[in-house]
Amino acid sequence: MIETEMTPRPPAIFIMGPTASGKTALAIALRERLPVELISVDSALIYRGMDIGTAKPSAEELAQAPHRLIDIRDPAEAYSAADFRADALKEMAAITAAGRIPLLVGGTMLYFKALLEGLSPLPPADPAVRERIEQQAAEQGWDVLHRQLQEIDPVAALRIHPNDPQRLSRALEVFFISGKTLTELTKISGESLPYHVHQFAIAPTSRELIHQRIELRYHQMLAAGFETEARALFARGDLHTDLPSIRCVGYRQMWSYLSGEISYDEMVYRGICATRQLAKRQMTWLRGWDSVHWLDSEKPGEALDSVIQVVSA
């Protein structure tokens with residue numbers, strides 16, 4: 001249908017923010033006040049059996065305010081931004097058809113971007129090219145391939161760490177297949193989101209507050225049984241650190257501890273540091289985000305009222 005003044009786009013709400021910023025609490029409170037249904041936008045919460053280390057909403061919270069797109073994949077399975085976009089659009093359409101408003105809440109900014117702007121026309125994976133890249137990595141090391149990427153696509157090389165073989169391999173694969181860099185292709189936007197989106201970002205006013213919350217929550221997760229949860233995953237035998245699930249913050253560090261590579265104290269230290277780095281990346285995304293209303297997570301009542309006021313205007 002062609003959009004005209006007679007066919008306005010239906011509303012949707014984004015609640016974005018760094019880890020440990022109170023996004024879930026705000027979303028649940030909004031569900032008490034607005035006709036919304038919640039959709040999770042989190043690349044870790046999709047995995048079953050990864051509850052404590054991902055700070056997944058509790059059973060009580062999920063009973064009070066069900067979240068769609070939680071527990072939809074086994075940790076051994078992959079899940080891409082394209083998968084998320086397809087799933088989210090389907091859930092949003094169902095919510096809208098039921099006369100309610102989709103409220104998308106989470107911190108995976110790449111998913112929000114894919115949903116808003118569509119997906120870039122990247123070539124599909126080529127097993128032969130991927131095998132050639134992995135063979136070179138086995139012979140020369142990923143550092144050599146990262147230097148190669150620096151020459152081909154310096155912008156992507158700045159974003160991709162040498163210790164992230166999946167993303168590094170994909171960036172090289174895209175160039176070898178298409179002759180164009182990942183940076184060039186990601187500038188080409190796909191289909192935009194057919195909704196009128198109210199976008200909100202919730203965060204503490206200072207970095208120190210984020211750091212304090214992260215450290216407190218990490219220790220709370222450990223006290224709640226994070227190590228036991230990780231040991232159960234480790235014992236499966238089919239999971240490893242090349243999988244997106246086990247590369248999630250906290251699980252990667254726990255894996256190193258369970259493998260005997262680092263001590264318990266070092267695991268805790270690295271886990272907290274990695275979570276802080278994640279929050280920093282999330283804040284960097286958000287500071288460059290267009291058309292976003294900022295909310296102070298230290299004033300949840302005001303944040304709730306602000307969202308309701310904007311959405312109801």
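Yeah, the Cβs are placed from backbone N, Cα and C, and that goes for glycine too.
Predicted, not measured: the structure shown is a model, and the values here were computed from it.
What Swiss-Prot lists as ATP binding site is GLY17, PRO18, THR19, ALA20, SER21, GLY22, LYS23, THR24. For LYS23 (ATP binding site), the number of other Cβ atoms no farther than 10 Å from its own Cβ, over all displayed protein chains, is 24.
The substrate binding site feature in Swiss-Prot is assigned to THR19, ALA20, SER21, GLY22, LYS23, THR24.
Beyond the ends of the region 'Interaction with substrate tRNA' (42-45), by six or more residues, the same chain brings 54, 56, 67, 69-71, 79, 84, 106-108, 110-111, 244-245, 248-249 to within a C-beta distance below 8 angstroms of the stretch. Positions annotated as region 'Interaction with substrate tRNA' by Swiss-Prot: 42-45 (among others).
Residues or ranges marked as site 'Interaction with substrate tRNA' by Swiss-Prot on the basis of sequence analysis: THR108 (among others). THR108 (site 'Interaction with substrate tRNA') carries neither a helix nor a strand DSSP state and counts as coil.
For ARG130 (among others), the entry in Swiss-Prot reads site 'Interaction with substrate tRNA'. Taking a C-beta cut-off of under 8 Å and a sequence gap of six or more, ARG130 (site 'Interaction with substrate tRNA') has these contacts in its own chain: SER169, GLU173.
With a cut-off of 8 Å between Cβ atoms, the residues of this chain six or more beyond the region 'Interaction with substrate tRNA' (166-170) that come close are 125, 130, 133-134, 137, 142, 145-146, 149, 160, 182, 242, 244, 247. Swiss-Prot lists 166-170 (among others) with the feature region 'Interaction with substrate tRNA'.
Annotated region 'Interaction with substrate tRNA' per Swiss-Prot: 247-252 (among others), in sequence order. Each residue in the region 'Interaction with substrate tRNA' (247-252) has a pLDDT score, and their mean in this model is 96.
Long-range Cβ contacts of the region 'Interaction with substrate tRNA' (247-252) within its own chain (Cβ-Cβ under 8 Å, at least 6 residues beyond either end) map to 19, 43-44, 47, 50, 53-54, 164, 166, 218, 221, 226, 230, 233, 241, 271, 274-275, 278. In the three-state DSSP reading, PRO18 (ATP binding site) counts as coil.
In this structure the alpha carbons, written CA, of SER21 (ATP binding site) and THR108 (site 'Interaction with substrate tRNA') are 13 Å apart. Here the region 'Interaction with substrate tRNA' (166-170) has, by DSSP, the following mix of helix, strand and coil residues: 5 helix, 0 strand, 0 coil. Annotation for THR19 (ATP binding site): spatial neighbours ALA55, GLY107, ILE214, VAL249, THR275, LEU278, ALA279, GLN282, criterion Cβ-Cβ under 8 Å with sequence separation of six or more. Looking at ALA20 (ATP binding site) and THR108 (site 'Interaction with substrate tRNA'), their Cα atoms lie 13 Å from each other.
Least crowded of the recorded positions (SER21, THR108), judged by neighbouring Cβ atoms within 10 Å of its own Cβ: THR108.
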